[in-house]
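Asker: As annotated in Swiss-Prot:
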type	residues	note
BINDING	His164, His166, Asp177	Zn(2+) binding site
COMPBIAS	319-341	compositional bias 'Polar residues'
DOMAIN	71-218	domain 'MPN'
REGION	319-343	region 'Disordered'
REGION	376-400	region 'Disordered'
MOTIF	164-177	motif 'JAMM motif'
Amino acid sequence: MSLSNKTVKELRQLLKERYTVEDELTESIALSSMRFKPSQEPEFHALSQSSLLKTKLKQQSSTDIPSYTHVLISKLSCEKITHYAVRGGNIEIMGILMGFTLKDNIVVMDCFNLPVVGTETRVNAQLESYEYMVQYIDEMYNHNDGGDGRDYKGAKLNVVGWFHSHPGYDCWLSNIDIQTQDLNQRFQDPYVAIVVDPLKSLEDKILRMGAFRTIESKSDDNSATSYYELETIIFDSELNRALFETKLNLHCVIEDDESEQISLNRLIDSMKQYSYLMDSKNVRTRIKLATTSERVSNENKKNIDYQNRSTRSQFCLNTQRGDSTETSSFGSMFSGDNTSDVDMEDRNLTEFDSTDTSLCINGEPSIHVNRVERSSRSTDNFHNSKKRMNSNQEKCHDEGNDMLQRNVLETDYARAKNRILASKIKQYERLRFYKDTFTL
């Protein structure tokens, strides 16, 4: 496959048709394709970062405790929160929100995550997390020393809430979340809790995020703590808007060198496993051939022994029949018939008077021996047939396992190979685009 003669459009089409759908390369944690829910109220259409900061500087302090109904959060904070949550995967993450308040609005300008111990359903902030939070805020947002603190046009950012993730089970507050939020509201209000669901956000391509505060619901007997949801409004900087309107329509994919190395390691591992599988199959085949040859040799020996025994038995039977005939001839000669012209008067019968003989006159014992041998032969044939049947079943079972393992390894090999090729083609496509764009 030659790529030198292909255009950038053809390269993108090649990636889309051959690699993107099969290898699911579109499932990236980049938020460029994620849609943000716009506000439906006219007063927030022209909302921007600079207008919020100007309003904050003009705002006069008030002793009245407002009832917060809106959360204004920057797009930068949304991307950082979603990025932290997606990196956490099925494990919950936690962080701090930085911003200020405007009347009944809580404005979130920035955020940062905390080093916490999380599970799939719970996240706990230890003492080290609070120490990290204090040091981070002092280094990044403290303007007293005139150092490298982040400048938001004179507006000082404070802690206005916290955020955590609910991977896969939507945005709401659990009982522990309600207790945590209520405790923070009592001692450092204004304070808001933001919950994000990274799994559903990636699945639906829409940011799943909710902002909540607690409220005491008083009844006749006791007072219980509940929560309500605030309307979330996302704003952006004018600089980002201008960049978004004038930027090239190019989808920049975040390249990960580790993913390419992982794919290469998987490719090599699949090749090693396939080679080991073939070697094991060859060894088993040689062992089976040697076993089969030995079994055939033993069967041939048994057949030869059986034929020899049958021959000896038949010879013994024929010999017995011949001796019986000769004995009858001797009896006829010693009978009272004197028609013979041979003078047999002086015969000596002492050697023939005995009725006992060492020869087997009756043929039944030989027949019994033949029957036993035939029965033994039938049993051997049955066992040999059973062994051959079991051997065939084991052979079919081994062939099925080998085929299954071979298919799995071939699939893994093809997938890893496609990922590596897709990564290389992407790199070439990007370089080709730069060359065509900036070459006169």
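The backbone N, Cα and C atoms fix where each Cβ goes, glycine too.
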Asker: Enumerate same-chain residues with a sequence separation of six or more from His166 (Zn(2+) binding site) and a Cβ-Cβ distance below 8 A; give 'none' if the list is empty.
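Answerer: Within the chain, His166 (Zn(2+) binding site) has Cβ neighbours under 8 Å at Glu92, Trp172, Val195, Val196, Asp197.
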Asker: For Asp177 (Zn(2+) binding site), what is the tally of other C-beta atoms lying within 10 angstroms of its C-beta?
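Answerer: That number is 20.
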Asker: Which whole-number mean pLDDT does the model give the motif 'JAMM motif' (164-177)?
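Answerer: It averages 85.
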Asker: How would DSSP class Asp177 (Zn(2+) binding site) in three states?
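Answerer: The three-state answer is helix.
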Asker: For His164 (Zn(2+) binding site), which DSSP three-state class applies?
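Answerer: His164 (Zn(2+) binding site) sits in a strand per DSSP.
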Asker: Could you break down the residues of the domain 'MPN' (71-218) into DSSP helix, strand and coil, giving a count for each?
Answerer: 49 helix, 50 strand, 49 coil
Asker: Just counting, how many other CB atoms are there within 10 A of the CB of His164 (Zn(2+) binding site)?
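Answerer: A 10 Å sphere around the Cβ of His164 (Zn(2+) binding site) contains 26 other Cβ atoms.
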